[in-house]
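Here the structure comes first, spelled out in structure tokens, and everything after it is commentary.
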Amino acid sequence: MATRRNFILKLAKALLTFGAPSHRIESQLLAASKILDAPAEFIHLPNLIIVSIRNERGHSTRTHFIRSRGRIALTSLHKVHEVYRDVLRDQIGAEAGTDALRQILRSRPIYSLKWRCFFAFVTASIICGISFGGSLLDMWISGACASVLQYLGLNAANKSSMYANVYEISVSIVVAFIARALSNVPGDLFCYSAISSAGVVVILPGFTVLISALELMSKNIFCGSVRIVYAIIYTLFLGFGLTIGSDFYLVLDKRARAEYYRGSIPENLNYTHGAFSFNNGTNPLTIVSGVIGAGHVSDHLSDHTLKGCIRDPNWPWWRTALPWWTLFILVPIYSTCSSLSNLQYWRSLQLPIMVAFSCCAYAANHATSLVLPGRTDIVSAAGAFVIGSLGNIYSRAIGGTAFTSMVTGVLFLVPSGIAQGGGVTQTYHSSAEQYSSGFSLAMRMITVAAGVTVGLFVSQFIVYLFGTRKNAAHFAF
């Protein structure tokens, strides 16, 4: 009995550490305690699991607090699920399972810091081109920003608790400053919205919003509400950092500030001096003396604007948006690097399955966006339904791990949905517009997460509607 309880405690630690779906952790632990005949009660809070074990002989209760601030590690999570499944099916003993989990917890990350920064460079570069309308030049800059951001997050923020508190704001200030400076280079070589949006997309709390929506859908009200409020406030901080970085450069560069605030003021005005009588208004036929400037707003730039970036078709290929056929090359590369950045082993059988599922989800997402433009919730639900069906069928028919095979595709849906809703950064001219822009970004993420949640739950219900009942808990979204 003591060995089985130790296995359950070690399993709870491993699930927290490697980023298991939080709305499934409690049900997995309850299924394990029931099948192993080791009665225990579990309460799951953000980054904390409380385990209460009752000693039937001594009529006493022992409470364990298991705490961990985990992040997704796909290979380790897959190994944990294999150990969990083997112990519950009596293929290995609880003691051997505990030793296996202990080895997994002690293992180091499978990729070094340099490789993880390189993966961040590739993913941010590609998402800049395919989701935010960036050119080849913008892709290089956004990739470099994301690489530096990843280095600071994995190195400096982990070593200094003081810097960890201001990490997101500091990196967003730097990214917005660089993007605004480059966007003011004469000739419209760089696009501010593409660089700043793709540069910070690595730290957007899209996955947190998704998990919170899943928890609320699973009636886990406490964890879901805490996470979603945290994600909204976090997004406001992120938007505030982008605002500070942009405004700081505009303060330093007077020419850029004049260009920014001039906006769409008409040029080549024809001025007329004299007295004028207006036919409409509050007091019609009132005589007004003064000067009237008449002109037309120049719309030659708006005709060539794509997702907030000026893209003249007469420009060379390296300054224009990427052609549609590049999606067949870039989407698989993005899916591969996204899986590797989430610590998936490159020689595993799971990797091509993750990439294939992610490409199918993006294809469904993109096709639905062409049919229903502007409906980010329905578009996200369609992509989530496809990847949820594939992942659950893969788990049901072949015996794979549904969650790890679906993570890459689900994470792909979040930046795609945000880009369809207008991107991360928007133009503002007052502090009120700045905060409303931050709230609109948070609402777009919630809309995307709601659509993804509905698609995942519906797909799981349809797949598990047929066949025998599953004894162990679902290890999926």
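First residue shown is number 1, and so on along the chain.
Glycine too: its Cβ is placed from the backbone N, Cα and C atoms.
TrEMBL labels come from automatic prediction, so no person has curated them.
Per TrEMBL, the feature domain 'Threonine/serine exporter-like N-terminal' maps to 7-248. Per-residue pLDDT, averaged across the domain 'Threonine/serine exporter-like N-terminal' (7-248), gives 86.
According to TrEMBL, the transmembrane segment annotation covers 115-133 (among others).
Among residues of the same chain six or more beyond the transmembrane segment (164-182), those with a C-beta under 8 A of the stretch's C-beta atoms are 141, 145, 148-149, 152-153, 156-158, 189-190, 192, 195-196, 199-200, 203, 234, 237-238, 240-246, 248-250, 253, 256, 425. TrEMBL lists 164-182 (among others) with the feature transmembrane segment.
Annotated transmembrane segment per TrEMBL: 194-216 (among others), in sequence order. Using a Cβ-Cβ cut-off under 8 Å and counting only residues 6 or more beyond its ends in the same chain, the transmembrane segment (194-216) has close neighbours at 21-23, 72, 120, 123-125, 127-128, 131-135, 138-139, 141-143, 145-146, 149-150, 153, 168, 171-172, 175-176, 178-180, 182-183, 223-228, 230-231, 234-235, 238, 242, 246, 307-309, 410-411, 414-415, 418-419, 423-425, 445-446, 448-450, 452-453, 456, 477.
Taken from TrEMBL, the feature transmembrane segment applies to 228-252 (among others).
Annotation source TrEMBL lists domain 'Threonine/Serine exporter ThrE' at 376-462.
Look at TrEMBL and you will find 402-421 (among others) tagged as transmembrane segment.
Feature annotation from TrEMBL assigns transmembrane segment to 441-466 (among others).
Here the transmembrane segment (115-133) has long-range neighbours at 109, 139-140, 142-151, 154, 191, 193-195, 197-199, 201-202, 306-309, 311, 321-322, 326-327, 330-331, 333-334, 337-338, 340-341, 415-416, 418-419, 423, meaning same-chain residues at least 6 beyond its ends whose C-beta is under 8 angstroms from one of its own.
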